[in-house]
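In Swiss-Prot this protein carries:
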- 48-211: region 'G-domain' (REGION)
- 106, 107, 142: Ni(2+) binding site (BINDING)
- 106, 142: Zn(2+) binding site (BINDING)
């Protein structure tokens, strides 16, 4: 667990000392499992991406469209509180996907990924894939606290959410190895200021690239796909400390 995370917990007025110790224990246990999973990803030759965002930002639609590229082979772990709908959508596109329903939990944990990983391996999905994509539970808060051992953490911000979210949810955007502004075809409708997002990211994490993406603009997705392929070739590994 990072020093920043410890300090944040200790300064939380809603947590007692006992609560802080419990949370620290949970996060430390998750970090250990995340490190174990990272070793397993590398052993399988998988480049793992952790996609995080609010609900409805377009994560699943983006994955459906990525499935159309023949040079981008991937399988998926889906996280939602309830239903198998997102995994079912991806299976219809020919993507091997395992759904994790978390009940009331607003995030995925490394131990949850382990179970899904084993099932995908048993199905033979891992050996057919270059990437394992984790579509985290839709939430701009909780997932940013849990390391999943991914090579890259990618945050989507959809235009209808507004251009002020980066500094409102700094812990999430500090995780980002890349940021996608999704539903970019609606920028004018919502008076969305891309410049505001760029300015805020410069303050928070200037090295993270920002992509404008729209399902109506196939090239925007292709550019992002090529970026991911290049990062895999480089074997880029996130240095973010959860």
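Cβ atoms here come from the backbone N, Cα and C positions, even for glycine.
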Overall pLDDT for the region 'G-domain' (48-211), taken as the rounded mean: 97
Additional residues around Ni(2+), ordered along the sequence, whose Cβ is within 8 Å of the centroid of 106, 107, 142: 105, 108, 137, 139, 141, 143, 145, 146
